[in-house]
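Quick look at what TrEMBL annotates:
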ACT_SITE  HIS276  active site, proton acceptor
BINDING   78-80, SER106, GLN126, THR154, LYS252, SER274, 307-311, 330-331  FMN binding site
BINDING   TYR128, ARG163, HIS276  glyoxylate binding site
DOMAIN    1-381  domain 'FMN hydroxy acid dehydrogenase'
Amino acid sequence: MAWFETVAEAQRRAAKRLPKSVYSALLAGSEKGTTVSDNTAAFGELGFAPHVAGLSSKRDLATTVMGQAISLPVFISPTGVQAVHPDGEVAVARAAAARGTAMSLSSFASKAIEQVTAANPQTFFQMYWTGTRDQLEARMERARAAGAVGLIMTTDWSFSHGRDWGSPKIPEKMDLRAMARFAPEGLLRPRWLLDFARTGRVPDLTAPNLAEPGAAAPTFFGAYGEWMQTPLPTWADIAWLRERWGGPFMLKGVMRVDDARRAVDVGVTAISVSNHGGNNLDGTPASIRALPAIAEAVGAEVEIVLDGGVRRGSDVVKALALGARAVMLGRAYLWGLAAGGQAGVENVLDVIRGGIDSALLGLGLSSVQELQPSDLVIPDGFARALGV
Ligand SMILES: Cc1cc2nc3c(=O)[nH]c(=O)nc-3n(C[C@H](O)[C@H](O)[C@H](O)COP(=O)(O)O)c2cc1C
């Protein structure tokens, strides 16, 4: 794989390499796409005020999140990767491990948790509230037995499926009929097809981490159906899961101060300020706009992580200056995975690390721990304090 210098270039390569429907499943977004656009646009509204001399020749990027030491304040967000690359989440986990950071595995992922923890011992397992409490507990215990070092509960999902630009048609199962239907797309993307052909397998659209003990993995849509039929979780349910897990626990998808306070009340270790990468309720502001109020309200009590719209190291620095301890990456590493498998994800992490380092240098800082709001140019009206 030829090295790329920005995440934008990784995205261009992903667009060239992936079949159209796979690429558009990654673009995702919902409804009009207001939130997904604001997630990246908002970072562009924030500026820097760099120094010109007396700069620090050494910069320390390391931090910890949910008890894990990581070499940069960036780690992998959970995504149902499915058909991007034959090695899928295992390649992502290896890349994260090679670059000294943590992995999160979606319960809708295409690889089993055991394979992923073997590739990266710093793996968090992400769950949605799907199935019965017994099923939830069994899946959680499987992740624990596999060595997962933290649990992420994602609850921001409102089952809205329309997109003004159209949704990709994802087959129920990759059988011969589906292959025939996708053949024209695949033929237009021979390198992607070749990657899978080399493995002798077709993309496996199943969710192995949601399988009943000893049973075959459900199809992605079978698992999605179970989720749609599950009664929605209450705060008491989240408290129950948190208590059963016992270890480091993150609630992902918090956008409001009142919800952040309730998360603190149920005893979470960390909050991910996130709007699901703009894939949930369209019209929700960018997560970076909601961060300052949440960090101010509960930042002393729990770890705050920012998720959504991060495409460069300077975005990470902006999030940390506004009160995040670390950020999570979604699409950025998926583009890397599409562009070059494990090496592509490593390349993305290197690009981001370089960008963080450059921003710290310019700001005259020697550590990510020193970042403060005063390092930024924040336009009036930038932030949104929700639920105060
Ligand atoms: C294709 C795709 C699949 C996703 N699947 C999940 C998932 O299974 N579980 C989850 O908690 N979040 C999921 N997310 C949300 C990401 O974890 C993350 O919040 C989001 O991608 C961050 O925004 P970014 O892509 O701009 O970095 C998904 C996002 C994308 C783009």
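Residue numbers in this text run from 1 along the chain shown.
Including glycine, each Cβ sits where the backbone N, Cα and C put it.
No curator has checked TrEMBL annotations; they are predicted automatically.
Overlay of TrEMBL feature records on the structure.
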{"residue": "PRO78", "record": "FMN binding site", "DSSP class": "coil"}
{"residue": "GLN126", "record": "FMN binding site", "DSSP class": "strand"}
{"residue": "ARG163", "record": "glyoxylate binding site", "DSSP class": "strand"}
{"residue": "LYS252", "record": "FMN binding site", "DSSP class": "strand"}
{"residue": "HIS276", "record": "active site, proton acceptor", "DSSP class": "helix"}
{"residue": "ASP307", "record": "FMN binding site", "DSSP class": "strand"}
{"residue": "ARG331", "record": "FMN binding site", "DSSP class": "helix"}
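The distance from the Cα of GLY309 (FMN binding site) to the Cα of HIS276 (active site, proton acceptor) comes to 10 Å. Between the alpha carbons (Cα) of TYR128 (glyoxylate binding site) and LYS252 (FMN binding site) lies a span of roughly 10 Å. Over all protein chains present, the Cβ of TYR128 (glyoxylate binding site) has 22 other Cβ atoms lying within 10 Å. For the pair PRO78 (FMN binding site) and the residue listed as 'active site, proton acceptor', the C-alpha distance works out to 10 angstrom.
The Cβ of GLY80 has fewer other Cβ atoms within 10 Å than any other of the binding-site residues PRO78, GLY80.
Close to ligand 1, meaning a Cβ under 6 Å from one of its atoms, are these of the binding-site residues GLY80, GLN126, TYR128, ARG163: GLY80, GLN126. If you measure from the Cα atom of ARG311 (FMN binding site) to that of HIS276 (active site, proton acceptor), you get 15 Å. The recorded positions under consideration are ARG163, LYS252, HIS276, ARG311, ARG331. Their Cβ neighbour counts within 10 Å are lowest for ARG163. Of all the recorded positions in the list GLY80, GLN126, LYS252, HIS276, ASP307, the shortest Cα-Cα distance to ARG163 (glyoxylate binding site) is found for HIS276.
Cβ neighbour count for GLY309 (FMN binding site) (all protein chains, 10 Å cutoff from its Cβ): 28.
Fewest Cβ neighbours within 10 Å among the binding-site residues GLN126, ASP307: this applies to GLN126. A distance of 11 Å separates the Cα atom of HIS276 (active site, proton acceptor) from that of ARG331 (FMN binding site).
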